[in-house]
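What TrEMBL annotates here:
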- 47-70: transmembrane segment (TRANSMEM)
- 48-468: domain 'Major facilitator superfamily (MFS) profile' (DOMAIN)
- 90-111: transmembrane segment (TRANSMEM)
- 118-134: transmembrane segment (TRANSMEM)
- 140-164: transmembrane segment (TRANSMEM)
- 176-197: transmembrane segment (TRANSMEM)
- 203-221: transmembrane segment (TRANSMEM)
- 286-309: transmembrane segment (TRANSMEM)
- 321-343: transmembrane segment (TRANSMEM)
- 350-368: transmembrane segment (TRANSMEM)
- 380-400: transmembrane segment (TRANSMEM)
- 412-430: transmembrane segment (TRANSMEM)
- 445-464: transmembrane segment (TRANSMEM)
- 483-503: compositional bias 'Basic and acidic residues' (COMPBIAS)
- 483-517: region 'Disordered' (REGION)
């Protein structure tokens, strides 16, 4: 018996050693695979694409500052100036939104004229001026002027989603676009945190300094190759694409398709260009996004954002309202990162519908708890769940999709028009919230927000188009009247090319399949002289 027991013990130890050895080998293999994967990212250009996307999305930190500032400004300002009325306080909050539509429309018109990169660099002007006016304001009027000017930053910042959509591959577009809302949440959290300890004038000065970050970073990254190609700057477009992909072959393939699209666009008459705005591929996505934005605003997402401190005071939680706002900011940052991870794993409409359903249930839970005079911590938990679930689909998806759903030829203008309408809705929502709360009470507004979130979830499930993993051209084809040979980028039916049917090598970031059979001479000469693998 002892012999067998000893043998069993030795066998168990041997098995344990073998298991440990296997585990160590697996860990080593995983580590080597990670290093190899990182090398591939660096070698084949994904790293440069990610860095360019981060540079463009850095503007959203300033957007977060603008959106979250009123939540910490109002309690401090009304304490310093008790004579400020409820109506004046609502104007301080909403004036940061009322100029958003103007900025979005202006940005939409300029982005196709001056380029994505230059516009992102130029946003620093209204941002810096607005924050400095706020920091040195001595009267209520100057404070409102400063809030109005900084609102231009929020409106014009939507160009970052266009830039990211045009420089990224379909596989990486979702997660890199989702960085925008995540960085907005980071900016909001920073402002909320500073608001609990720092005077609002010093916070405004800090925000002014941070506004210089985006132009500094954008100096080191190229212009969108797609925009350069549309303007006929083909050599510059190739250089930009090579920088992003770090691969001659890939850059050549993608620029060939840009050249073809540019030539097609040059043959269009004025009437054909005007007809671009009447296409189903423009009208339908515009209507779908506007309805999505209506449900988003009426779900209470931006009310909690702009009135965080006052909202928690009116709802009545046992936690200090400043502390609760900091918790909300932290939750937004964490869930923004979670949402960025999920957006590459799940379908867009699935994420949006699930997010709307869960945040609606959470808000109704807070309303029911308030009706039954339940524990304040339960109400706080429900509100935090509402914020969490909004960050995994319902908040960021309409902004991301506004840079995906429109044809290339008018993407900038239509994205700006969509953002303009969305910011009008946000302004209406923020400006009327105090009156709505007085009319329905805080409990009634919770029920209203929860009901609209549930309706929005149903809308997303049944009507929202799917864009995950699809190239921009494939997305366009979902809205075409005839889906035979229509080119959604050019706006009219094209003849079949003679070399149709040849093997497709790779899809570029704008989404078209490219053949390697023919290469323009300017690409071949430029490659031989300048770039060699």
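Cβ atoms here come from the backbone N, Cα and C positions, even for glycine.
In summary, the transmembrane segment (176-197) does not lie against the transmembrane segment (445-464): fewer than three C-beta pairs, each 6 or more positions apart in sequence, are under 8 Å.
Per-residue pLDDT, averaged along the domain 'Major facilitator superfamily (MFS) profile' (48-468), amounts to 83 for this model. The transmembrane segment (350-368) shares more Cβ pairs under 8 Å with 380-400 than with any other stretch in the list 118-134, 286-309, 321-343, 380-400.
Same-chain residues lying 6 or more positions outside the transmembrane segment (90-111) and placing a CB less than 8 Å from one of its CB atoms are 66-67, 69-70, 73-74, 77, 119, 126, 143-144, 147-159, 162, 306-307, 412-417, 419-424, 426-427, 430-431, 433-434. Ranked by number of Cβ pairs under 8 Å to the transmembrane segment (286-309), the listed stretches 203-221, 321-343, 380-400, 445-464 are led by 445-464.
Ranked by number of Cβ pairs under 8 Å to the transmembrane segment (445-464), the listed stretches 203-221, 321-343, 380-400, 412-430 are led by 380-400.
If you count C-beta pairs under 8 angstroms between the transmembrane segment (412-430) and each of 140-164, 203-221, 321-343, 380-400, the highest count goes to 140-164. Remote same-chain partners of the transmembrane segment (321-343), defined as residues 6 or more beyond its termini with a Cβ less than 8 Å from a stretch Cβ, comprise 68, 71-72, 75, 174-175, 177-179, 181-186, 188-193, 195-196, 304, 308-310, 312-313, 351, 380, 383-384, 387-389, 391-393, 396-397, 400, 468.
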